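Engineer: Sharing a structure below in structure tokens format, with a few things to ask.
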Amino acid sequence: MASLDDPGEVREGFLCPLCLKDLQSFYQLHSHYEEEHSGEDRDVKGQIKSLVQKAKKAKDRLLKREGDDRAESGTQGYESFSYGGVDPYMWEPQELGAVRSHLSDFKKHRAARIDHYVVEVNKLIIRLEKLTAFDRTNTESAKIRAIEKSVVPWVNDQDVPFCPDCGNKFSIRNRRHHCRLCGSIMCKKCMELISLPLANKLTSASKESLSTHTSPSQSPNSVHGSRRGSISSMSSVSSVLDEKDDDRIRCCTHCKDTLLKREQQIDEKEHTPDIVKLYEKLRLCMEKVDQKAPEYIRMAASLNAGETTYSLEHASDLRVEVQKVYELIDALSKKILTLGLNQDPPPHPSNLRLQRMIRYSATLFVQEKLLGLMSLPTKEQFEELKKKRKEEMERKRAVERQAALESQRRLEERQSGLASRAANGEVASLRRGPAPLRKAEGWLPLSGGQGQSEDSDPLLQQIHNITSFIRQAKAAGRMDEVRTLQENLRQLQDEYDQQQTEKAIELSRRQAEEEDLQREQLQMLRERELEREREQFRVASLHTRTRSLDFREIGPFQLEPSREPRTHLAYALDLGSSPVPSSTAPKTPSLSSTQPTRVWSGPPAVGQERLPQSSMPQQHEGPSLNPFDEEDLSSPMEEATTGPPAAGVSLDPSARILKEYNPFEEEDEEEEAVAGNPFIQPDSPAPNPFSEEDEHPQQRLSSPLVPGNPFEEPTCINPFEMDSDSGPEAEEPIEEELLLQQIDNIKAYIFDAKQCGRLDEVEVLTENLRELKHTLAKQKGGTD
């Protein structure tokens, strides 16, 4: 056995990289290195760490390959009995119960098994490499035997009396044979032989694998020696000699099985199945179709449109090429579908299912792409299409020229309009904002506010430039540049259309907002006006009802029973009195009732006032509209001297002009303030047929303001007092139509007061209605 100082020596086992001490396991080697060499150079430690990581990766790859083998062998049996005729996907979701993780135990057993397998394989590869490292043909048998004993220690013959495999007893006829790889003893029947080509194959594959993962710092000529074969590569490195003889290496059954499994892994790594080769060809054909089909579709669309960008012959050749590729795809997919069906061991069901799915996918691909291929026109059809295309282009150019002329004309008109407005001094108003957009014209102005032509748009200029570039590229025959420019032109056109659409949408939105704002303002004005009119109507209606229909305030006069009905009716029909404010309506007596009679010499009643002399002639300027007005004008003048003096009141001039309130007509705000003063007569005579007006206002300057009554004598001003010599014959009957009309009005007022919740007014109006009905019934009885 060579010494340790020999640079060509190959040692096996778990050797320390620093002291070359042989440890028995990987864990002992790791603990030895951490304890004995923890303070040494960290570079060597980094190299060892990288070596260990590589070994773990190689070990994982090996285990993955073995797991795939076991999965393939057990898939069929699992599919046959695991489900038991029940589809687990139809099960209801179940809640998880108690969970216990066995991952730690699994990792422990798995690591031990992997370590055992990897270590055993590495040992066998290293020993096999040593046995084939010398020339066995030119070496003496004694020297070969000595080398074989030096590779692995042999077991003593006396320790094994029987064969461990078959149990036969060793004798002179049944000799003992030692395994050259593990040193165990077996008989001739249980002995296996390894040929040199197989040994060279295993060692060469291990050498290639090691050369891929070995770090540059480690080499066979290292001072401390080298470890051929490691956990990371599952092999070792050795110099392989080309053996040409038929000599073989003896080994046991266990070592032979391990080496054969290693050979199977190498073959699987280098072997490519037939289905994979066919599928790779199929994918290449599909990729070729994906490249050629869009180009052909683009050429066919251009030729069918009558364009001369592409050649008809070139498109026909491309179509034939694409069709051939489709035929090849169909043939390859059929071959994959029938692959292995005639073999004696039939393929696995999963392989058959994979083949069917590949065929189905290829069929769908061909159908999808083949249906999208457009047919090419014939030469005669292509000539006709070119003529139509030429005519269409000419019409389009004519339309474009017409549009350009129209745009130029609009620009000139706009400029002339600007010049004329500038002469008239209107340029400042034009500069305040942009010109309004007319959608019918088909253009949009810029945000600067000045009218500009469509050609001033940068996008339009760029579109025109690219159009000219396309024409030049077509003339030069640069089809690739033509396609690029056409794509750019389409993008610019889309951008221009989007810009115009956004501007139109923004303009429409602004117009809609302005219209909504105007509509809201108009609605607010209408609501305010309606609210004002309602308030005026409510106040004036309340004043009119409480002043003209309050019959309970006649009590202070205490007239005779024979004259009471006429007096009440005359007061009820006195519509010429002015309304009073609503706050004092039920408490303040009316003007006609508070004024003293002409025969009363006492002081004036509360609230009795007299207007100034200057305002009296203005009260009766217009002619009276009352058909019952008396013609005798002497009585008011005679009675004016007997009336008591009234306290003068200084009133605002605006309060002297009053228009009679009509609940069915609208009034202004100015009239509402005047209508609330009980001491101001209206400017014009009231259109009340029961009010008496004097045609000569100059004769009543000193008399109190008492409205005329059509039921009193010309010599009497007070409607509640009559002469003693006048009897019942002096009464004039009231027209029945007027009484009925007043009754209907009071009913309407009662209904409105009930709706508004004015109960005090309801009581007053109800009593007045009762008295009017009584008067009407009495008058009808007297007439009858």
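Here the Cβ of each residue, glycine as well, is placed from N, Cα and C on the backbone.
The structure displayed is predicted, hence computed values, not measured ones.
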Engineer: Hey, which of Ser230, Ser624, Ser691 does Swiss-Prot call phosphoserine?
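Structural biologist: Going through Ser230, Ser624, Ser691 one by one, Swiss-Prot flags Ser230 as phosphoserine.
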Engineer: Annotation phosphoserine per Swiss-Prot: which of the candidates Ser38, Ser226, Ser592 has it?
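Structural biologist: The phosphoserine feature in Swiss-Prot corresponds to Ser226.
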Engineer: Summarise the compositional bias 'Basic and acidic residues' (390-400) as counts of helix, strand and coil residues per DSSP.
Structural biologist: 11 helix, 0 strand, 0 coil
Engineer: Return the average pLDDT for the coiled coil (472-531) as a whole number.
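Structural biologist: The average pLDDT of the model in the coiled coil (472-531) works out to 87.
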